[in-house]
C-alpha cells in the first residue's frame, strides 16, 4: 500500500497531504522504462490462478483520451470521460472539482483530506444491490484500523455508496461534501474494501516511487491508452510518507495481468525475477493496516466539559469544547483551583441529576480519565453520584468534598473499559444533589 513521500521506515500509499504524500506523476515513457514483452504466463508461473479478480475500473473496457490534469496540487495523466477524468483506472474525478479543495496550507497539514476524528460518515443508496458487501467491507475496516464508520444524518462530508458501471471512488481521501463509491454487480466485498482505501487516502501500490526495485512494468503488454495507469510518482514535498516495504499482498496492488493486451498470455507487471502474481482482495494486509494507523492513529479524546472553547494544557494537549453530551447544564467559576496547574480545565463543568456522553470510537479497550472539582458545597454528603461506563458502575458514590475536604480542589478518577458497539457511553447519575464533571480524557489502549 502506498503513500507519497518516503521519510518513514514504513510505506503505504495514501494521499492526504499531511501524511498522504504530495507527489507528481513521473512521466515514464517506454524508452525510459521499457522491457521486453513477457512470454506466456504459464511459462513463468504455471500455478498462477487464471481466473483472478479483475482490476478495479470505473468504466470497464473504456479507453479515453489521456490528458494532464491538476489534482491536489500536482500533475497527473488521466483519461477523459465526458466531464470526468479517470485516474489510475478507478478514481473518477469531476472536471469542475479539480483543485477545488487545494490550497497551499493543505500541503503542510493535509487535515482537509483526512476524515476528522477518524470518523467516516456514509450512506448507502437504496438502489444499490447486494448491500452486504458494503457493510462487510466497513466492518473489515473498523475491525482492523482506528477508523469508525457512522451512518450519516445531516453531516456535510460523507460517502454515498451507489450503483455504478464499475468499481470506483470519486476522491483520494476526504474531498469535502458528498463523494461517491460506485459499485457494479461485479464488485465484490474485496473490491469495496479497495475503494474505501481510496476514499480514506490510499493510492495504488504499484505507483510507489521505489517500485522499480521490486517490479518490472512490461509496457508493450499494456493496452493502448492505458499506460497512464502505470505511472510512478516522485516526491515533491516533505509532507507525505511512503509506509513500509513494497507489498505484493496489499489490497491496493494491481494483479500481474492488469490492463493486459491478453490476460491469458501476457503480464503487465511482474516481480523483478519475472514471476507473476494475483491480486489480493481478501482484506487489508499488515502493511495496509500500518499505513492506516499512521494516517489515522489511535484516538485520544479530550473534552473540556461545560465549556464552549477548547483548552490546551501544559503538555500541549488540546481539550475540545464540550461535545457528545445529552442533558445536563453548564456553569463555570473564576476561582483558583487547587491541586492542578490547569485551572481553566476544571473551572467549567457540566452537572445535573442525570446526564450522559456517547462518544464515537472504534471497538477497542480504553482508559477513561474523569476530572472533578466541587464548586458549591462546603460539606460532604451534599453531592454524591455514580458514573457508569458501558452500563457498568465504574465510580460508586463519589463525594468530591469528602475526598478533598474543600471546594475548588481538583481530583481525577480513572478506569478501563472495553467498547464493542462503536460508542463509549458514560452516564452520570446523582444520588444526592447533582452529578458533575469538568473534563473527560479517553485514551485507546
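Just so you know, glycine gets a Cβ as well, placed from its N, Cα and C.
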With TrEMBL as the source, which of 29-52, 53-76 is set down as region 'Disordered'? 29-52
Just counting, how many other CB atoms are there within 10 A of the CB of residue 198 (Zn(2+) binding site)? 29
Compute the mean position of the Cβ atoms of 194, 198, 204, which form the recorded Zn(2+) site, and then list in sequence order the other residues of that chain whose Cβ is within 8 Å of it. 56, 88, 90, 91, 169, 195, 197, 202, 203, 251, 252
When a 10 Å sphere is centred on the Cβ of residue 194 (Zn(2+) binding site), how many other Cβ atoms does it contain? 30
Students should find that the Cβ of residue 195 (active site) has, within 10 Å, a number of other Cβ atoms equal to 27
